[in-house]
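See below for the structure under consideration.
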Amino acid sequence: MEAVLRWITAGESHGPALVAILEGMVAGVEVTSEDISAQLARRRLGYGRGARMKFEADKVTMVGGVRHGRTMGGPVAIEVANSEWPKWTTVMSADPVDPAELADLARNAPLTRPRPGHADYSGMLKYNFDDARNVLERASARETAARVAAGTVARNFLRQALGVEVVSHVVAIGTAANTTGVVPTAADLATVDESPVRAFDAAAEAAMIAEIEAAKKDGDTLGGVVEVIVEGLPVGLGSFTSGENRLDSRLAAALMGIQAIKGVEVGDGFETARRRGSQAHDEMRPGPDGVLRSTNRAGGLEGGMTNGEPLRVRAAMKPISTVPRALATVDMTTGEEAVAIHQRSDVCAVPAAGVVAEAMVALVVAQAALEKFGGDSLTETVDNITSYVKRISTRPHVPADSRPQ
């Protein structure tokens with residue numbers, strides 16, 4: 001099945017700008033440049049970020065698809081300018097440059113020592129590059145700014161069509177973890193963002209900061225785990241009919257597509273695999289407004305479909321591969337032992353990864369909602385949602401006095 005909502009990004013880390021194009025969004029969704037800028041500012045948050053975050057401005061320009069603060073039904077194009085572009089106009093020029101002009105530029109020195117864990121090595125071989133610059137410019141996590149921009153339109157759609165919010169928090173950084181099991185709601189998002197590490201527990205926050213400081217002192221980097229939650233989704237987004245239509249498989253693909261993400265779990269995920277069946281599933285009982293669940297171990301997804309419980313998905317981020325204490329590698333020009341190149345980088349970008357994960361979850365859930373409910377305008381989509389919710393609420397599992405009139 002061809003996706004109703006599609007997105008693509010373009011641009012390099014030190015190019016003039018990043019561009020996001022979102023195709024298939026209904027008309028009438030309220031979104032502004034300020035909305036996108038606010039989400040990009042959240043992406044720059046986090047203890048352990050590098051120097052680039054201090055001057056990255058992320059100037060947003062809505063290039064197409066939006067007029068007077070509302071989508072028009074056509075592709076939405078968003079440009080996010082790179083504030084460092086003036087320093088790179090020659091080195092990253094799209095047009096040919098005189099080699100003599102490039103020869104004396106330190107920024108243009110070939111990068112021939114690939115970083116273990118990065119795209120450098122495989123990218124150089126696959127695309128026949130002698131310079132890793134051609135790989136790392138696109139492989140850089142700077143590209144996620146464009147995804148956050150597109151995700152802002154999707155999260156605004158979800159809020160306006162379904163009344164739901166997408167939130168995230170950091171569960172672990174290195175060995176420091178939040179073990180309380182308490183999950184933030186939409187009302188807690190501001191509190192989470194106020195935490196330097198976007199943790200929803202004061203004790204965990206202190207431990208995470210200490211972990212980052214220790215890694216920084218040792219010239220090292222850290223990874224961690226983020227969790228994304230979406231409350232209030234109706235039953236039935238996604239499908240059991242094929243693997244590609246299962247919402248959990250689509251969420252996993254979207255999250256694994258984020259730079260440095262190495263694992264995804266839905267609900268209790270791998271912990272569920274260690275339980276017996278009687279302790280692994282969410283038992284059901286009649287309630288005043290329909291079915292109630294005693295737990296949410298499934299993370300709001302059963303059989304590839306939302307089940308009415310909060311959607312809960314986690315992503316594991318590996319430590320950043322640009323390690324200040326450079327790792328051993330091979331020089332691709334000489335074939336000799338070498339130490340890996342070092343580009344300016346973060347000690348830890350896990351807090352920012354949570355914001356990027358929110359954007360990807362918003363895009364996938366919005367895609368599933370548009371596939372289910374259709375419509376060319378927000379008004380039409382909302383009418384379709386209302387009709388669907390009313391229909392499933394007339395089933396016997398909902399008491400008669402709680403059914404929509």
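A Cβ is built for glycine as well, from the same backbone N, Cα and C atoms used for every other residue.
Swiss-Prot lists Arg43, Arg49 with the feature NADP(+) binding site, giving sequence analysis as the kind of evidence. Neighbour list (Arg43 (NADP(+) binding site), Cβ cut-off 8 Å, at least 6 residues apart, same chain): Asp58, Thr144, Ala145, Val148, Ala352, Val355, Val356. In three-state terms derived from DSSP, Arg43 (NADP(+) binding site) belongs to a helical segment.
DSSP classifies Ser140 (FMN binding site) as coil under the three-state reduction. Positions annotated as FMN binding site by Swiss-Prot: Arg138, Ala139, Ser140, Gln259, Ala260, Gly303, Lys318, Pro319, Ile320, Ser321, Thr322, Arg344.
Same-chain residues lying 6 or more positions outside the compositional bias 'Basic and acidic residues' (275-286) and placing a CB less than 8 Å from one of its CB atoms are 268, 292-298, 309, 397. For 275-286, the entry in Swiss-Prot reads compositional bias 'Basic and acidic residues'.
Counting residues per DSSP class in helix, strand and coil order gives 3 helix, 12 strand, 19 coil for the region 'Disordered' (275-308). Annotation source Swiss-Prot lists region 'Disordered' at 275-308.
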Around Thr322 (FMN binding site), how many other CB atoms lie within 10 A of its CB? 21
When you measure from the Cβ of Ser140 (FMN binding site), which residues in the chain that are at least 6 apart have a Cβ under 8 Å away? Glu12, Ser13, Gln259
For Arg138 (FMN binding site), nearby residues of its own chain (Cβ under 8 Å, 6 or more apart in sequence): Glu12, Ser13
Whose Cβ, among the binding-site residues Ala260, Ile320, has more other Cβ atoms within 10 Å than any of the rest? Ile320
Enumerate same-chain residues with a sequence separation of six or more from Lys318 (FMN binding site) and a Cβ-Cβ distance below 8 A; give 'none' if the list is empty. Gly117, Gly223, Ala260, Ile261, Lys262
